[in-house]
Each structure stands twice: as structure tokens, then as C-alpha cells.
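What follows is a single structure, written as C-alpha cells, with notes after it.
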Amino acid sequence: MPQPKSHVLVIGAGVTGLTSAVFLAEAGHAVTVIAAHVPGDSSIEYTSPWAGAHWHTHATPEDPRACDWDVQTYEYWVGVLEREGRDEKLPRAGLKLYDSFKYWDFPVKEQIWWAPYVKDYRVLADHQESFRSINERTREDAGKIQTAVAYRAVAVNVPQYLLYLQERARKADTVVIKARLPVERGLQHALEAAEQEAMNQGRSKVVCFVNATGLGAAKLCGDEAMYPIRGQTVLVKGEAKTIFTRSGVDYGAYCIPRPGSGSTILGGTKEKDVWSETPDPEVTEQILKHAALNIPELMTGPDGGFEVISVQCGLRPGRYGGARVEIERVGGKRVVHAYGHAGGGYQNSVGSARLTLRLVEESLASVPVGARL
Ligand SMILES: Cc1cc2nc3c(=O)[nH]c(=O)nc-3n(C[C@H](O)[C@H](O)[C@H](O)COP(=O)(O)OP(=O)(O)OC[C@H]3O[C@@H](n4cnc5c(N)ncnc54)[C@H](O)[C@@H]3O)c2cc1C
């Protein structure tokens, strides 16, 4: 077995940390992941399990880095699905391609820069499904769809995907340690504590750290640009056959089937600077009201309504200025920050993790080969 290139310690086991761990470990690094929450855990401090999630880019041409990350992830996920289709022995990632509809209740001003990068992109005319039937069901005094496009998009069975990433990282010899790092005495102290924790478990000295702590970075490295964007969702019985997202004048709505689970996530809220994990019953009602209009086929309950499994909130790791993916030297330690992916952590994940890998390897260039482990 070839000698690992270096020991990299990733802090965080959300989609950002685990994807980074997979890319680092598969590139030949010895990787340790330390996280307060790992796949299977449920906490408001751990965003990744609360996501929908699907590929629906929020990036704009003003942020070419995020556009590129999203395109890379789309292509990578399609590749994962193609490989799974060819080899039934491969572990299933929990991804699936669906027809995805995007509706606007107003003329679209944004640039749909991503159209050439997705499969089967098409603009719908108002007599085409599902544009026509939704507008027919809509009351005359309510907002109607004015623009609709369709394309093929990937939905993610989030709990399954996180376990899949963790398993892939472990197969490449990554060690995952569940531990909370202290935040009160600053990042340098937290890095020292992380290294000590890893060495207590028989790991070697750390050559480079990756900080993938999501919203936790606000405390871990005192980043005041971080803020939560709360999203409330309703998990219902029945797996929708298509994805939709809808932008209304004063609301957002989406429906994301959770592949292979027999359930669907309904949502659409974005509340800036709200930290509470308690769902708001009025918001639940609004989510179900929009879903009833857009996806009535899921109303299979005995009373003709949705069969609600659970209602929950997650906090997207928002950051003024966009995600922070860059190298910093902290008291002589090399750190690659990778946090603040807001509402796009899944669709950013592959492009962001590849950049993290590149930055880690760049940061190692100044380390003599004999001192990298
Ligand atoms: C309702 C909702 C819907 C969403 N839908 C989508 C979607 O459709 N598509 C999409 O791309 N994205 C979506 N997102 C956004 C996506 O979920 C996030 O961008 C992503 O999960 C962030 O992942 P992360 O790994 O950066 O952070 P997290 O998942 O929060 O992981 C942070 C990790 O750091 C660890 N950590 C933090 N502090 C410490 C500490 N002091 N010591 C040790 N460990 C620590 C935590 O334990 C955890 O393991 C959605 C989010 C929400 C809430």
C-alpha cells in the first residue's frame, strides 16, 4: 500500500466536511474527521441532515466560483448515477435524476446561465403540463405562474447520502472521531485540541486542517459574517414523481422527493437571522397550502390532505460575501477554511471539495516531504 501523502484533519462531518474527506482520502492523504455531530445525529447545530436536498443552483454570474462548483457537482452526481446503473454492487449514494420544474409568478429577470449545463432544459408554454393544470387550479385573485422551465435535476436522499460519504471516506482509511472542540479560546486553541484528540486515538501530527464547521464557524473562528437562514420543512408520505420549486411574489415553495424513501420534503421558507429550532404552525399551513396547489397527487391522507410524517427546521450557514474557502495560517498551523455555503451546500459540495483538496496540496508545497506525516 502506498505511503499516505500527509495527515489532514477535517473538522466537521456535514456534506462539506465529508465530501472534502472523501476527495482528500481518495487522493492519498491520511484523513481524520473530528465532529460534534456525525451522520445519524440530529441537532439544530448540524445543518446537513435538514436539507431537502436537490440540485437547483442559487449561484449568479457575478459569482463564477459558485457557478463552477454547482456545474461540477451536477456532472459528478450524474457520473455517480451512471456508474451505479452499470454496477449493481456499488453502494447506493441516495441520488436520483428527476424532471424538475421551476415556476415563477412573474416575468423572469435573472439570467438562466445554467441552462446549457443541465440535461433536457426546456422552456414551457402555458398550455403545457404542469404549467397549465396548476394555473387552472389557482384562484383568479391569486398569483399565477407566468414563466416555467423544466430540466433534469438530481434529488438527494440526505440521510443516506451523508452515510454514503462517511462510508466512502472510511473505505479510504479515514478515521471519524465524534468530539466537540472548545470554541471559547479561539481557533488556534481549538486546532491544538483537535490535534491532541486525534493523537490520543493513535493518529500522527496534523500537517493541515480543514475547517468545515458550517454555522459553527461563527464561534470557532469568530467569523462575524456568518448568519443563519432558517428553513422550515414538512416531510410527507409518498414519493413525488417530479421536483418543483416556485418563486412567488412574496413566498417560495418547493417539493423534493427523497429518493427510495417513500417520502417527500415540502418547504420553501428562508428566514434570515432566525436561530429557533421550533417550527411555526402557521408556516406549516402555508407550506401545505402551496403544495396542495402544486402537487395535489401527494394528498393521499384519509381526509384528502397530506400525510405528515414530521415538521422540522434547519439553519442554512449564510455568510456575507459568500462561502469562505481559502487558506489561513493560524499560529503556524495551516488551515483551509470551507464553510458558509448557505442554501447550496449540497450542490456546491463537489466543486468546493475539489478546491479544498487543491488548497491543502498547495499549502503542503512548503513542507519538506519527510515532515508531511
Ligand atoms: C431546509 C433546508 C433546505 C436545504 N436545501 C438544500 C438544497 O436543496 N440543496 C443544497 O445544495 N443545499 C440545501 N441546503 C443547504 C445545505 O443543507 C447546507 O449548505 C449544508 O448542509 C451545510 O453543510 P456543512 O457541512 O457546511 O455544515 P453542517 O452540516 O452544519 O456541518 C457542520 C459540522 O461541523 C461540526 N462542528 C461545528 N462546530 C464544531 C465544534 N466546535 N467542534 C466539533 N465539530 C463542530 C458539526 O458537528 C457538523 O459535523 C438546505 C438547508 C436547509 C436548512
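Cβ atoms are placed via backbone N, Cα and C, with glycine included.
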Exercise for review: Going by TrEMBL, TYR254, ARG316 bind D-dopa; tell me which of GLY340, GLY343, GLY344 is listed for that site too.
Suggested key: GLY343
Review point. Taking the Cβ of ARG316 (D-dopa binding site) as the centre, how many other Cβ atoms fall within a 10 Å radius?
Key: 24
Check your understanding: Cα-Cα separation of TYR254 (D-dopa binding site) and SER48 (FAD binding site), in Å?
Key -> 17
Review point. How big is the D-dopa site in terms of the longest C-alpha to C-alpha distance among TYR254, ARG316, GLY343, in angstrom?
Key: 16
